[in-house]
Amino acid sequence: MAGFWESCLQRFEQELPAQQFNTWIRPLRLEGETTALENGLRLIAPNGFILKWVRDRYLSRIEDYSRAFFSGPVTIALVIGAGKVAPTRVEASVEPAENAPAKPTASGPVERKGSAQEKPGARKNNYEKSRLFPTFTFDNLVVGKANDLARAAAVQVAHNPGGAYNPLFIYGGAGLGKTHLIHAIGNTILAENPEKVVRYVHAEDYYSDVVRAYQQKSFDTFKRMYRSLDVLLLDDVQFFNGKNRSQEEFFFLFNALIEARKQIIITCDTYPKDINGLDDRLVTRFDWGLTVQIEPPELEMRVAILKKKAEAEGIQLDDEVAFFIAKHLRSNVRELEGALKKVLAYSSFHGRAIALDLAKEALKDVIGSVRNVGIDNIQKTVADYYKIKVADLFSKKRTRAIARPRQAAMWLCREVTSHSFPEIGDAFGGRDHTTVIHAVKTIDSLRIKENELNHDLHVLLQVLKG
Ligand SMILES: Nc1ncnc2c1ncn2[C@@H]1O[C@H](COP(=O)(O)OP(=O)(O)OP(=O)(O)O)[C@@H](O)[C@H]1O
């Protein structure tokens, strides 16, 4: 056993960055050989936080090494301290944190791993109180043009909480990774400063806390709890719309935390000034630190995300399949993930390999049957829909009534045909490819904010895809 652990340590030391190795792996100890389990070993973690982290991120690797080392299956138990409790990854219970918001993903609610390794009533450590999802980390966040600024800011804040960027305000459309990013910040802060009190709270839960404090006349406890935080991660602040008491409480909390140089990170679906029903005092404050946007990922990034998600499931996804999925699901990573899950489930249910024809079958409800649609067809459909002439789309007219449908038509050409930017430009009265790129970007960002435009595009897509 000792020989195995020695070799395991060496492998981790070679494979992991020094900081990760020193933080997570070096503190583990192998329990003395005499008490080693039959066909198994016990690893002792100094605390629940390290145990949880190792269990979620490294245990499967230790199991792989052990299988290779012993040429057979070995049971590994992770325990805290002197081996009081022995929850292996398989045995660990998964319980929702108290009041934790059930944040849906395409595949169902995000799993919240609870305090698996402590006896009821035991003192919870900072990690367990944080409500962080251990699986949302910087390591598994794919970076691209759409989020590189937001990620860079997030990394800065994670390494220097309460520093220059306070608050950090992250905004962008639904399912683009805002929640993932703020959990990554929280996880990193706690990993580097286990003594810090970090709390993830969805704006709806903050609202519930305010209501409860009001009903139970327990505002003192409520205030004390929130003001004791070192790092507050507030998700989806647009939910404060019209909730005046919550806004007022949050205004005072915000001032108190910022004054005490405690870090605040906020996410929202729009830019602060565009949030409906939000007190101006808050709007101005949200802009005090740094405001960064996450945009819908471009094609290559969507492909990279799909491959990474598949890899996490132990599957190597072909480029052809990844491009097919990414080409048809453009604006929301959550939907992209859902589509991938559908393909994987379809493949395992039918016992067939994951290939392009299988992906097309599995996703036909999501993306419609893929039929050939020409640029001229798109132009005619768009012109009919907006009640303008097809010739207007080729013309130089720049009035909004013409320019917006023209941009939408260009966007649809990218969406449902495989024509390149220059080809699309040519088909629109010989325009330059940069005009098409600009149109696609404009529509991508407008459709997040403008429900009417988003609705138009949905209808047009339905019509075109048949
Ligand atoms: N760049 C990325 N790399 C890897 N996974 C991503 C990326 N962006 C988003 N995801 C994944 O997409 C899913 C949705 O992301 P998340 O919940 O963070 O979105 P959100 O912006 O908070 O959405 P909402 O506004 O609806 O709350 C998550 O499973 C997340 O891991």
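Easy rule for this one: first residue shown is 1, then count along the chain.
A Cβ is built for glycine as well, from the same backbone N, Cα and C atoms used for every other residue.
Features as listed in TrEMBL:
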- 1-98: region 'Domain I, interacts with DnaA modulators' (REGION)
- 93-124: region 'Disordered' (REGION)
- 131-347: region 'Domain III, AAA+ region' (REGION)
- 164-295: domain 'AAA+ ATPase' (DOMAIN)
- Gly175, Gly177, Lys178, Thr179: ATP binding site (BINDING)
- 348-466: region 'Domain IV, binds dsDNA' (REGION)
- 374-443: domain 'Chromosomal replication initiator DnaA C-terminal' (DOMAIN)
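A map of TrEMBL features onto the structure.
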| residue | record | Cβ within 10 Å |
| --- | --- | --- |
| Gly175 | ATP binding site | 20 |
| Gly177 | ATP binding site | 23 |
| Lys178 | ATP binding site | 24 |
| Thr179 | ATP binding site | 23 |
*Around the ATP site recorded as Gly175, Gly177, Lys178, Thr179, what other same-chain residues have a C-beta within 8 angstroms of the site's C-beta center?*
Gly172, Ala174, Leu176, His180, Leu181, Thr267, Ile294, Val333, Arg334
